[in-house]
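One structure is given here, and the rest of the page talks about it.
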């Protein structure tokens, strides 16, 4: 263990596999980020960014955004599809469309929209009226593509049609049969020719947590018969030329490339059949699904993906290209809506640990000779454990059973508090000793070794709300890479479980990337008593902010963009302070002015002097204007 280095920590946290080349650990044991792939030697030490923010008055938790990572991800996506098009001889174009539901923050949309400005090959997708109004205002270039998905009313459709007058290329994707008539009515009323798309309900499905997005039971999309009816309706009105886009979506975060291959093949058949029917489809939108390898395991796990970005692009381009070559069809423009893959890496939540409860050996002596037999039996098990060739599993099972009997007898009044405490400490010592003696290589020991690793892990209390900042970790068991930001040049001699500061037992992180797998505890170095430990939650740039809730009235955290300047130095900009207590109370219709009035009335009690009244009111005002999370004094 004395030869431990940062390279060892890199392997434990599996950074090279989930970090996509952006994150690293330097020789000093500090986590770094290289956000700009065109300048790989320009690194930012994340803890330095936190210290600079602290000096300006911002305490953790803080969400750090790296706009250069967004730009790098856009470049990577275009490069992957560009290379696939070139290698396959595909004769159509590729268009990246960002679905803003993934992260609707204005700065995120602006950065993505402006990161590929050589020609309008980067569009936006909206799934609701508010999102549509947002994307109509964000796109400034003539001919910018906007894809309109989701359920629609007439107002939504009117906004989409009017977007064409603003110079955009707006596709209205019909997701249920009744939407077509509304599109036709509103387009006639406004005298604007609609660009219509249709979402096909594929039989193919993707496996994973979002597999219900595909298949015959999908919430969205038209069946084969409904698509035929739509085609005939447009043909009868001599408006078949309005149907220009074919769309499908297998679901978010597809882990298995074979699911994507199956969906592309089925979509290709829909494209060829629509062309055979005389429909001038010239755009195929393959939707989302491009996975992010949160675990770094390159597997079919729900939080991983067994393929690379280039492999995904190759399968999409070759799959559609094969259909075009087979049936001598024109090559459509390919659209992908890869929002998660674009945004996940760009955001890191950083917070501090405010305390920890460790499990240590207790100094305990043998029970008195007249102690109850149950306690004598427990002590004998402890002695057996320290003898020659102990039966480890049997000793553990006996200790667990004995402790259960102790609790029962204590409740019945047969044991006193001191005896119960003695039994708990002895059982804890037994577990600690067993943990060191078990051999995980031994299959018979493996389950107990895992159980004790979790049972004896430190409880680490982190200054954040899981429900606000990592809602998918709580709601669907999503895995996010987590690691301390400093001290990683030291041996990872501790195991911890991160718990948030909400009053909810669900508020803890249950899954941690550990090597090429996922464990229930987090490897951590030993920190000195006065040493601040910052922890980073990585790949949180997709969905987490907008899905977060206000459990215990913990709101949005502080946020800042961390960029590279022209010299490759750190440049912090666009700092947004998190919710104050005053703002959070207003969210739930509690009027702070009423609180102030009530305080004024309460402190007017004659038993309080003027100085005390003023102190109470001053503290109230500081509290209302303060950060909802724990702050340094």
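Every residue gets a Cβ built from N, Cα and C, even glycine.
The substrate binding site annotation in Swiss-Prot covers 284, 285, 286, 287, 288, 289, 290, 291, 292, 293, 294. Residue 290 (substrate binding site) falls within a strand segment according to DSSP. Its own atom aside, the Cβ of residue 290 (substrate binding site) has 25 Cβ atoms within 10 angstroms in the protein chains shown.
Residues annotated as N6-(pyridoxal phosphate)lysine in Swiss-Prot: 101. There are 19 other CB atoms within 10 A of the CB of residue 101 (N6-(pyridoxal phosphate)lysine), with all protein chains counted.
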So what sits near residue 284 (substrate binding site) in its own chain, CB-to-CB under 8 Å and at least six residues off in sequence?
-> 245, 246, 247, 267, 271, 320, 332, 333, 334, 335
Long-range same-chain neighbours of residue 286 (substrate binding site), Cβ under 8 Å, sequence gap at least 6?
-> 248, 263, 264, 267, 316, 334, 335, 336, 337
Tertiary neighbours of residue 288 (substrate binding site) (same chain, Cβ under 8 Å, six or more apart) | 99, 249, 251, 252, 336, 337, 338, 339, 340
Round to the nearest Å and give the CA-to-CA distance linking residue 292 (substrate binding site) with residue 101 (N6-(pyridoxal phosphate)lysine).
-> 17
Would you kindly give the Cα-Cα distance separating residue 101 (N6-(pyridoxal phosphate)lysine) and residue 290 (substrate binding site), rounded to the nearest Å?
-> 15
For residue 101 (N6-(pyridoxal phosphate)lysine) and residue 294 (substrate binding site), what Cα-Cα distance in Å is obtained after rounding to a whole number?
-> 20
What same-chain residues, at least 6 away in sequence, bring their CB to under 8 Å of the CB of residue 294 (substrate binding site)?
-> 18, 303, 304, 344, 478, 479, 480, 481, 513, 539
